[in-house]
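What follows is one structure encoded as structure tokens, with my remarks underneath.
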């Protein structure tokens, strides 16, 4: 039963891997073609390119970790191999999360309307704000890597005291829980920033609708549509990452109680976040949505 379920979940992981690579690769390809043809690219398209690249790296890391944990656990927990896998996960997840958060901030500054001098100052300098936030996140990444490296070193030292390397799967929870706890703590900041962006966008939309009451235009109003489109993108990210975070939390508990099936199931569900969110980004971007429809039409015409 356990082996059969493991095979099924592996097939699901592979399917999510293929879907994630296709959707993120499509974002990179279309924007790069546009960049080469026009010799310039908008800020949002640049964010989408780097976000898609980070998602591709994250999906690859998850797939490799999955197969190593299933078939080559001894290699997975070796000193060098462990650091490579954990650090690659941290880096890809960091940029995937922060770039999605930066996208939320970009939509907030571009779409929302507030009379605050501080907000107007940031709105007029949105590109510089985005760049400074991205550079500032490198501090979080550096601190995160240092903290995780301490956990790895302490965990390896406990096993290397033995004259013979004697690894057992039961030792993994004592290592993975503090590492995942550290990563989660560093993930709360961008998630909170994205949540604040969503609340401010919602408040801005509410204020705009209040002003439009005497001049009914509904969703035909461009500013209202811009607010709604931005909110769709931000809330989809929040909901998907919240489910991803919940899967990580449940996987901790399953590791502590050594429930392998629940742990594998949570990992499988967690991959849905980097794979599916890119599809929503394509649908929410007019250029990418049009390109996807053209590709779909050409594929259908050849059948």
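Quick reminder: no glycine exception, Cβ is built from N, Cα and C everywhere.
No curator has checked TrEMBL annotations; they are predicted automatically.
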TrEMBL annotation of transmembrane segment - which of the ranges 166-187, 188-209 it falls on: 188-209
Highest-contact recorded stretch vs the transmembrane segment (86-109), from 12-36, 129-150, 188-209, 230-254, 260-283, CB pairs under 8 Å: 129-150
Same-chain residue ranges lying at least 6 outside the transmembrane segment (12-36) that approach it to Cβ under 8 Å: 45-46, 48-49, 51-53, 55-56, 59-60, 62-63, 66, 267-268, 271-272, 274-276, 278-279, 281-282, 287-288, 291-292, 295
